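Below is one structure, written out as structure tokens; comments come after it.
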Amino acid sequence: MNQNQLISVEDIVFRYRKDAERRALDGVSLQVYEGEWLAIVGHNGSGKSTLARALNGLILPESGDIEVAGIQLTEESVWEVRKKIGMVFQNPDNQFVGTTVRDDVAFGLENNGVPREEMIERVDWAVKQVNMQDFLDQEPHHLSGGQKQRVAIAGVIAARPDIIILDEATSMLDPIGREEVLETVRHLKEQGMATVISITHDLNEAAKADRIIVMNGGKKYAEGPPEEIFKLNKELVRIGLDLPFSFQLSQLLRENGLALEENHLTQEGLVKELWTLQSKM
């Protein structure tokens with residue numbers, strides 16, 4: 001993984017009301033590196049979505065510093081920072097402004113004054129990256145939830161941001177739609193097209209990331225690669241998170257005498273080892 005620092009957050013504090021005792025963000029510091037997939041996880045009210053909004057300048061912290069791609073985030077620089085970051089939100093139906101997929105992906109480019117020929121090239125390129133090139137003339141309401149989110153991602157990457165933030169972008173999708181979106185994210189990351197930050201309460205999704213930050217009570221609770229974070233096990237359950245099914249099943253099988261090499265973070269890894277064990281019997 002590239003270790004060029006893309007985002008630096010230093011000791012930020014945020015309250016939704018200035019007179020509130022509770023801090024939605026309470027002294028949070030973190031770094032995001034170019035080319036990585038970072039998952040920020042936590043239960044409802046942990047501060048993870050507030051942090052996403054702070055990174056994009058939708059809210060400004062009352063103290064502390066945020067720097068994005070070398071730009072200090074302030075009221076004056078917020079629009080410059082937003083050119084570096086694209087966001088995909090929770091409800092795909094709230095994100096469409098065009099009457100067709102083509103119009104929707106082109107909308108942000110038109111607003112930014114991109115020349116028509118370049119805009120056509122960017123739209124065609126973006127929809128191919130998310131495998132939606134066969135739906136360019138479809139009306140958005142005819143698409144499935146997963147397809148809608150893939151179109152939303154196409155609209156983001158057409159603008160060529162350095163960073164994509166997925167704010168609970170899979171939480172309203174069925175399992176098929178969720179997997180479609182996560183496969184799209186994996187493809188974008190592997191092709192080096194963007195740094196990805198996914199905000200989620202779903203540890204099955206977070207297990208696919210390079211690194212996880214766990215939020216709790218507005219503070220950073222833990223940080224590390226997925227295999228290290230899941231060793232916290234009961235601590236994660238205690239703060240309101242559900243361990244991935246594959247991890248729980250791996251634990252149960254090992255406790256009952258099956259010689260698995262590890263507690264698997266993904267179903268694919270668990271199935272692969274079970275097949276290997278079966279072939280040796």
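The backbone N, Cα and C atoms fix where each Cβ goes, and this holds for glycine too.
Since we're looking at a predicted model, the values are computed, not measured.
What Swiss-Prot records for this protein:
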| type | residues | note |
| --- | --- | --- |
| ACT_SITE | E168 | active site, proton acceptor |
| BINDING | G42, H43, N44, G45, S46, G47, K48, S49 | ATP binding site |
| DOMAIN | 7-242 | domain 'ABC transporter' |
Neighbouring C-beta atoms (10 Å sphere around the C-beta of K48 (ATP binding site)): 25
Which of N44, S49, the listed binding-site residues, has fewest other Cβ atoms within 10 Å: N44
Arithmetic mean of per-residue pLDDT over the domain 'ABC transporter' (7-242): 91
DSSP-derived class (H/G/I helix, E/B strand, else coil) of S49 (ATP binding site): helix
Long-range Cβ environment of the residue listed as 'active site, proton acceptor', under 8 Å and at least 6 residues apart: S49, F89, Q90, I199, T200, H201
Least buried by Cβ count (within 10 Å) of the binding-site residues G42, G45, G47: G45
